[in-house]
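Report on the following structure.
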Amino acid sequence: MLSTAKRVGNRIIGHPEQTVTTISTETYLKGLVKDPRHEAVNYLTSLFPILGWISRYNWGWLTGDLIAGLTVGMVLVPQGMSYAQLATLPPQYGLYSSFVGVLVYCFFATSKDVSIGPVAVMSLTVAQIILAVDSKYPGKWNAPLIATTLAFVCGFIVLGIGLLRLGWLVEFIPTPAVSGFMTGSAINIVAGQVPGLMGITGFDTRAATYKVIINTLKGLPHTTLDAAWGLTGLFALYAIRIICDQLSKRYPRRTRFFFFVSVTRNAFVVIVLTIAAWLYCRDHKTASGKYPIKILQTVPAGFQNVGAPVINRELVNALAPHIPVATIILLLEHIAIAKSFGRVNGYKINPNQELIAIGVTNTLGTVFHAYPATGSFSRSALKSKSGVRTPLAGVITAMVVVVALYGLTPAFYWIPNAGLSAVIIHAVADLVASPSQAYSYWRVSPLEFIIWLAAVLVTVFSSIENGIYTSIAASFALLLIRVAHPRGYFIGKVTLTRNSAESREVFVPLRKDGVTNQYVKVDPPAPGVIVYRFEESYLYPNCSLVNSIIVDYVKGNMRRGIDFSAIQLADRPWNDPGPTRSNSQAAEAANNEKPVLHAIVLDFSGVSHIDTTAVQALIDTRNEVQRWANRPIEFHFATILSPWIRRALVAAGFGIGTPAVELSNEIAPVVPYRGGRREKWWDDASSSSIKDIETHSESLPPTSGTVPIVPIETPFFHFDLTSAVRAAEAGVEKPGERAETPPVKYI
């Protein structure tokens, strides 16, 4: 009864009576999750990478971390306050974000070089979001609350992406797209800071970049005394940097000394400008309490109002349209920087863990009223060059920030705003892609250069948000175009020789592809054999195009099997009526000159995935070419990379059957049997025949001798292209008797 029900069920679902051994879902799932308990423990321990190296910490590492931590701290303090002003927040909020970023990242980092904290692009984005929310809800929420809430929501989203191990999503955004909006953002920031550098007011410095540039040029006659501090500071920053670089080249032995002198230029310039502002402003205060130049004035000491964040649901709803762009900036900027320094310094980061670090930093940062923070390229480069050894250098940097918060805030009172603008311009200018970098995009991929250029132009003439969306949308469009319009070639053979002694055959495209020498003679396969090479996965977006390419090539180069001259016009199909009576003889003569199609060889070496729609398209291709040739056509497959591709092709009726000519199998030595599921292999060295092996399918595989490298159940699947072409051409050279092809199975 049970066997009858099983037989009926198999008939209903179309299960074949004779099955071919293929990979099963059960095997896949067992390989995916081998030891759930062990995997869970590994997952939990991977959340805290510090556990893997803190027990080996030593005095040698401490020296490098101490130097790097102090060096980054001297740069982070002035930059943090500068970026807070860029975000339209009081300067102390930049120090809050700086402290939390460098401290928390230490415990979750997989990169020793990255320094987390306030950055220019994120700060400008926060400023634009604050402006947008405040314009829609005037005076309802203050700027710090908006920024803190944004940090919490974005941090929570990024944390979720990291915990769910979805960091691979970031890989969909290519380097030119990231570089494009970063370049546009840097230009936007520099343009917005120039008015502050010159003391020019009276217009919105966060408008589109071209408007800011025009208004700045109009306001040059109204430059104030702030320019004396701003321009002097900017000149000093670049002068120290250039002089130290030149002296390092001239005196290589003093390179490290000049490097640290150059590193301190931010702190040095800010200190000098602050002293100059104090000396000048203390005696020029007006009756109304104003100073002749803009200075920071009071900066509260220590952490203010530390506690649980206040998350307002209505504010979260107001921030919803802006959360995607802020989250994308957090993701992209940090991962790009971490990967870059990992490549340079010879280690590999874990993108998912880096996202967890960013998420935890921004989520916990709201306790200290920090605003969104991510990886900083300039400070990470500084940290790397300073000789950092482990992420623990962040703790040293955090101590520097705490000292600044509790001990130096009275001195911050006299820091000129124009000096902070100079610090921002000096730091951000390095984010602009160099001409050589832009040209390299053009040389590598002109289409990606266009994406880079579009991102720059949209960011400059519109906004950072639109620039990011443009670069991402264009990148996705290019990816889809490449998948939907894959490159593929009909290929032939070239015989290569070396020293007139050794020779071998290789397969290259029949048409000139710009890779091989154009004067090399390419021999087509034997008449009646077509060889086509895929260069992309065979999926639903491209399968129809590939189907058309193969079928059109067959109709253009192979003989039609039906003689239309013997068929009445009324009996011909409407969409393929064949030649007219007037030219039927000439058409028939031309048709007879073409070879009879015998086999099609498909090189799957570039195919990593295949889906249901593509398999159906392959079935349609087989039906169309067999209808054209009016005879069965062999389909040979070479270099199948995945057992799932093999399973899909077998389900569609490919690979099985009897070839026109059966060649001897290529064999290889076996390994000792250790148990497990066996397939029907032929041991050429054993005394058993194929029939005996198939009859006793449960017997053990051979423990010695040789077996075919691919299963004998699928004679049309070949290990490489050479064996596939040889098998296809053998049928042309020695036709013999053909076995009927298996019925076509539609899915």
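Any Cβ shown, glycine's included, is placed from N, Cα and C.
TrEMBL entries are annotated by machine, without manual review.
These numbers come from a predicted model, not from an experiment.
The feature domain 'STAS' is assigned by TrEMBL to 527-654. The transmembrane segment annotation in TrEMBL covers 59-81, 93-110, 116-133, 145-168, 227-244, 256-280, 319-338, 388-408, 440-461.
Sequence-distant residue pairs (6 or more apart) of the transmembrane segment (116-133) and the transmembrane segment (59-81) include at least 3 whose Cβ atoms are under 8 Å, placing the two stretches in contact.
Outside the transmembrane segment (59-81), and at least 6 residues removed from its termini, the chain residues within Cβ reach (under 8 Å) are 91-92, 94-95, 97-98, 102, 115, 117-118, 260, 263-264, 266-267, 270, 296, 299, 376, 378-379, 382-383, 386-390, 392-397, 399-401, 404, 408, 412, 415, 420, 423-424, 427. The stretch with the most CB contacts under 8 Å to the transmembrane segment (227-244), chosen from 145-168, 256-280, 440-461, is 256-280. In terms of DSSP secondary structure, the domain 'STAS' (527-654) contains 60 helix, 18 strand, 50 coil. Pairs of Cβ atoms less than 8 Å apart link the transmembrane segment (388-408) most often to 93-110, out of 93-110, 145-168, 319-338, 440-461. Counting residues 6+ beyond its ends, the transmembrane segment (440-461) has Cβ neighbours under 8 Å at 174, 176-177, 179-181, 183-185, 187-188, 208-210, 433, 467-468, 470-471, 474-475, 478 in the same chain.
Within its own chain, the transmembrane segment (319-338) has Cβ neighbours under 8 Å at 110-111, 113-114, 116, 119, 121-122, 125-126, 129, 132-133, 146, 149-150, 153-155, 157-158, 161, 167, 170, 173, 175, 178, 182, 349, 351, 354-355, 358, 362, 372, 374-377, 380, 464-465, 468-469, 472, counting only residues six or more beyond its boundaries.
Per-residue confidence over the domain 'STAS' (527-654) averages 87 (mean pLDDT, predicted model).
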